[in-house]
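Student: Let me give you the structure first, and then I'll get to my questions.
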Amino acid sequence: MASSGEEPGSGSPGRAGNGNGPEQALDTAEDFEVLEEEEEEEEEEEEDMSEMPPLEDVSRPPAPQPEGQSGREAAEDPQEWLDVLGSGLLKKKTLVPGRGADTRPRKGQDVTVRLKAALEDGSVVEENPALTFTLGDCDVVQALDVCVQLLEMGETALIMSDAKYCYGAQGRSPDIPPNAALTLEVELLEARDAPDLELLSGKEKVELANRKRERGNFFYQQADYVLAINSYDIALKIISSSSKVDFSPGEEAELLDVKVKCLNNLAASQLKLDHYEAALKSCNLVLEHQPGNIKALFRKGKVLAQQGEFREAISILKAALKLEPSNKTIHAELSKLVKKHADQRNVETEMYRKMLGNPSAAGAPGKCKDKLRWSIPWKWLFGATAIALGGVALSVVIAARN
């Protein structure tokens with residue numbers, strides 16, 4: 001079982017960690033928000049690796065190179081290379097033919113390969129005589145996960161991959177520099193159906209789910225949040241699958257612990273993609289199991305704030321602060337939200353005042369002036385009317401005397 005301090009998936013392309021160091025914060029402003037059991041790594045921009053075109057069933061490339069010709073010498077002949085994605089960034093060449101196209105492995109199977117990985121200068125950075133992974137689960141670098149689906153049983157192939165489908169802009173400390181292309185020599189040794197999840201022991205389920213979770217952490221550090229979510233989802237499906245085996249209380253507790261870690265990291269990835277409803281659901285699932293989970297409360301508060309629910313977000317963060325009064329990150333976030341809420345209320349108050357037409361202090365003198373302006377003509381009109389009536393009465397009296 002993976003220990004809490006273990007470097008996630010070290011030892012093979014795509015599973016490797018990123019060097020030693022303190023745990024990486026999920027957000028530079030969230031010093032207590034860390035991926036579970038993840039090593040420190042600076043987040044850098046890299047191209048999205050999640051939109052590769054679907055693979056098509058292709059025929060086996062031409063025969064292998066003549067005896068004595070090395071893989072690198074054979075690589076110089078472009079006629080013998082299969083452009084896997086049509087972009088020139090991922091190519092495959094058969095060195096030793098396999099047993100036919102019908103022996104190719106299927107997605108979802110567990111495959112075992114012999115692997116040798118080297119940089120462009122020939123420096124070997126990885127050698128594994130029996131690397132096992134689940135095909136299509138993104139357990140390894142994409143170059144390997146994609147191309148092994150094209151191998152026939154017993155086939156040995158050379159794979160030349162751009163950094164985009166290996167370790168990208170971050171590389172893998174200390175042996176693979178950033179933006180490094182890799183050449184992989186791969187032999188397909190075995191392909192078998194994945195184990196029945198219902199028959200796994202509690203310990204086996206924990207180990208399998210942890211491997212998928214750690215892979216998600218790797219993708220998170222690569223800023224590939226789509227693939228990170230995919231790995232966390234796979235881990236959660238393993239944990240939630242039905243079982244025909246009885247688990248001990250300790251195994252049940254371990255499974256719940258892995259589930260909570262996956263849900264918390266899933267919420268972090270969903271927040272990065274602005275998937276607020278999904279992130280809120282993930283946080284609520286954590287809080288169903290652990291109502292006092294600080295990370296879930298904090299992220300739920302952030303989600304609600306993003307949705308404009310400042311009052312509820314402030315309430316959630318206050319609850320988190322009661323559980324951890326000394327946490328500076330919660331203090332900072334809470335102060336920011338309180339200010340935003342006050343500003344929002346001031347704007348709403350001013351808007352309602354204008355809508356209702358309530359006089360402002362500055363507007364009162366204007367009203368009085370208007371009233372005064374209208375009162376003068378009425379007085380003059382009244383006076384003029386009185387004079388006119390007096391004149392009529394005087395005329396009537398004079399006429400009567402005459």
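Note that Cβ sites are derived from N, Cα and C of the backbone, with glycine treated the same way.
Copied straight from TrEMBL:
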type	residues	note
COMPBIAS	1-10	compositional bias 'Low complexity'
COMPBIAS	11-20	compositional bias 'Gly residues'
COMPBIAS	28-50	compositional bias 'Acidic residues'
DOMAIN	108-192	domain 'PPIase FKBP-type'
REGION	1-77	region 'Disordered'
REPEAT	294-327	repeat 'TPR'
TRANSMEM	378-400	transmembrane segment
Student: Could you tell me what the rest of the chain brings near the repeat 'TPR' (294-327), counting residues at least six beyond its ends with Cβ under 8 Å?
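Tutor: Distal contacts: 30, 32-33, 263-264, 267-268, 271, 274, 276, 279-280, 283-284, 286-287, 333-334, 337-338, 340-341, 344.
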Student: What mean pLDDT does the predicted model reach across the domain 'PPIase FKBP-type' (108-192)?
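Tutor: Taking every residue in the domain 'PPIase FKBP-type' (108-192) and averaging pLDDT yields 96.
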Student: What are the DSSP helix/strand/coil residue counts across the domain 'PPIase FKBP-type' (108-192)?
Tutor: 12 helix, 40 strand, 33 coil
